[in-house]
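Undergrad: My questions will all concern the structure given below.
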């Protein structure tokens, strides 16, 4: 790494395990400076509950970034709206969560931070607070004014990107258009090159229907939409295989010769990845003008403050972000 960079972290839902995980992250040394966008008392209280040492130092944007020292976190303060009891949601703190996301996103956009790592949020409590919120991905897409973003989940062995994300099954076929596929594949290909350092990405593309349509007998989206798009992009030099049946694609025969899989919808690609690497997966938002990774699990309210939360996914998300920073320098 040419120089020390700052990585901003949002712990997510304050009543969940996000603050616990951030405190656990702070127990290690890191080659970047970790800047946590959160309430100071929340972090110190949670550290005390876990019996872990934690010192907070104020964020100073005009001073050089310093590598992370164990037991110390740099704090970018955002105040809670209500006091927090571990495991108990408070509706007003939905506003707090969104404020942390907005400040962290803006800091990435203006160059303060080299990457953003997000902890798990509780979408229900944010919406109950009167804030329309579908998820991190859509929030950052809108706030950064990105033209289009792509959700990708990854473990060390497998990367799965999604052509569509949070859509009902009945709407997915209509959403799979030539324009969408062109856009999604272009973003996936570009970010695999620029953020993952893969010179010539090899992408496996799932079909939409069982058996990838069985030659048109089980659906025509492959023949009418997916195959023509793949042919066009192959003619431009992209290394694309498919459309392949999703029930046979996820095996070494195909995966050993690929850098990523493009699934047509959420529950086509992610069950395999989460089974293969649950607790080690990372959510990456492609197409943003900055690096964003996230844990692949929820708030686990029942574990908050108990010292039982697994920090593995957060560590993987941070390590991946650091690698992506290096690749973009």
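Backbone N, Cα and C atoms are what each Cβ position is placed from, and that goes for glycine too.
Keep in mind the model is a prediction, meaning the values are calculated, not measured.
Swiss-Prot lists 136, 137, 274, 283, 292 with the feature substrate binding site, giving sequence analysis as the kind of evidence. Swiss-Prot lists 166, 211, 266 with the feature divalent metal cation binding site, giving sequence analysis as the kind of evidence.
How buried are these features, and what lies next to them?
TA: Neighbours of residue 283 (substrate binding site), defined as other CB atoms within 10 A of its CB across all chains, total 22.
In the three-state DSSP scheme, residue 266 (divalent metal cation binding site) is classed as helix. Sequence-distant neighbours of residue 266 (divalent metal cation binding site) (same chain, six or more apart, CB under 8 Å from its CB) are 162, 164, 165, 166, 167, listed in sequence order.
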Undergrad: Once the chains shown are all counted, how many other Cβ atoms turn up within 10 Å of the Cβ of residue 137 (substrate binding site)?
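TA: A 10 Å sphere around the Cβ of residue 137 (substrate binding site) contains 23 other Cβ atoms.
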Undergrad: Return the residues near residue 211 (divalent metal cation binding site), defined as same-chain residues 6+ apart in sequence whose C-beta is under 8 angstroms from its C-beta, sorted by sequence, else 'none'.
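TA: Result: 218, 245.
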Undergrad: Sort residue 283 (substrate binding site) into helix, strand or coil using the DSSP assignment.
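TA: For residue 283 (substrate binding site) - judged by DSSP and reduced to three states - the answer is strand.
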Undergrad: Identify which of the binding-site residues 166, 274 has its Cβ surrounded by the largest number of other Cβ atoms within 10 Å, counting every protein chain shown.
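TA: Counting Cβ neighbours within 10 Å, the top one is 274.
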Undergrad: Look up residue 292 (substrate binding site) in the DSSP assignment and reduce it to helix, strand or coil.
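TA: Going by the DSSP assignment, residue 292 (substrate binding site) falls within a strand, counted as strand.
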Undergrad: Which residues in the same chain, at least 6 apart in sequence, have a Cβ under 8 Å from the Cβ of residue 292 (substrate binding site)?
TA: 108, 115, 116, 117, 118, 136, 140, 284, 285
